[in-house]
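Here the structure comes first, spelled out in structure tokens, and everything after it is commentary.
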Amino acid sequence: MTDKFPEDVKFLYIAYTPAKADITACGIPIPLDFDKEFRDKTVVIVAIPGAFTPTCTANHIPPFVEKFTALKSAGVDAVIVLSANDPFVQSAFGKALGVTDEAFIFASDPGAEFSKSAGLSLDLPPAFGTRTARYAIIVSNGVVKYVEKDSEGVAGSGVDAVLAAL
């Protein structure tokens, strides 16, 4: 795939700081302007239906944390873990997984708007609402190099598939 990544994509996140390292510490959400921050970089966006959910917590995101050095060695400048959860939940999720690197970002896709626009959202029962699907995207210099959505498991959106696609 060689499509241009959409312009004007903005997520919300809370930047990790040592002063706010405690999982209960609340930072202030700020915009993550994809165009501005990642224009000439290689970024992996890995989306999850929800922070602290079984597959996301046990099988999907921990391998990205464990293989972050390998991702950087393969040319990745940043990893963005994306969900429709609010930025406070995303921040706590990153802290719970022990992530402290500023290039490993836990961001919110409010209302799953970006994911919906890309055809990568899920409509779950009313108690859960619209969520981001489980997917991975590799964007390099503003061009989408890889997109894979999983309906079950993490075969296409997991770290091994992402590393193989780099």
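Glycine too: its Cβ is placed from the backbone N, Cα and C atoms.
Look at Cys56 (active site, cysteine sulfenic acid (-SOH) intermediate): DSSP puts it in a helix. Annotation comment: Swiss-Prot describes Cys56 as active site, cysteine sulfenic acid (-SOH) intermediate, evidence class similarity to another entry.
Summarising the annotation, Swiss-Prot assigns domain 'Thioredoxin' to 5-166 and lists sequence analysis as the type of evidence.
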If you count Cβ atoms within 10 Å of the Cβ of Cys56 (active site, cysteine sulfenic acid (-SOH) intermediate), leaving out that atom itself, what do you get?
21
Looking only at the domain 'Thioredoxin' (5-166), what is the model's average confidence as pLDDT?
95
